[in-house]
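First the structure, in the form of structure tokens, and then the observations on it.
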Amino acid sequence: MCVCGIDEAGRGPVIGPMVMAMVCADDINFYVNDSKLLTRNKRSLIFNDVSGLYHKYYIINPAEIDDAVKKHSLNNLEEQYAEKLILKAECEKIYIDCFDVNESRLERILKDRTGKEVICRHHADRDIKIVSAASIIAKVLRDNEIEKLKSIYGDFGSGYPSDPKTLRFLEHSIINHDNIDNIVRKEWKTYKNLVQGHI
């Protein structure tokens, strides 16, 4: 039976885009796992298999993420992109790695908007193969985007607030008034606190 899976990569970083991806297939007859549990090399190898399946994705830039956080919420933005992906789905049944605390609420919203059978589950990227496949697409595409940004702006580490290298990069950029507007999420507390500390 044809099913689709949806997952995102890059929800939490202070630097770089978020990628939301969908994969659809009758069956996955090769090894997949939650992208976070795989090495980068393993993800890339599996990506070559997964990318041969029907898939769609969106790369969501920091400015759009900031705008959503200011006006509504990050969850609201993910709802919008999940809806867009579902409407492109080649199957009637879609599994989503749930980004809302309330699985049934998100299911209801997306079912009402799309008319499709939507099943939202926490840890679906770990437990459901088609969602694992989507997580690999999203993660590898985001990794590629991050490498492009590093080739322009220099090595900023992982882009996550917990990464000391990322924090040093941000602090250096703020002190030197470097133009990093296109890559940083200004609505993140990490960035706001650093800016506040150097006013």
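Using N, Cα and C of the backbone, Cβ positions are placed for all residues, glycine too.
According to Swiss-Prot, the domain 'RNase H type-2' annotation covers 1-199, on the basis of sequence analysis. Annotation comment: Swiss-Prot describes Asp7, Glu8, Asp97 as divalent metal cation binding site, evidence class sequence analysis.
Taking the Cβ of Asp7 (divalent metal cation binding site) as centre and 10 Å as the limit, one finds 30 other Cβ atoms among all the protein chains shown.
Taking Cβ-Cβ distances under 8 Å and a sequence gap of 6 or more within the same chain, the neighbours of Asp97 (divalent metal cation binding site) are Gly5, Ile6, Asp7, Glu8, Arg121, His122, His123, Ala124, Asp125, Val131, Ala134, Ser135. In the predicted model, the domain 'RNase H type-2' (1-199) has a mean pLDDT of 93.
Cβ contacts within 10 Å of Glu8 (divalent metal cation binding site), excluding its own Cβ and spanning all protein chains shown: 25.
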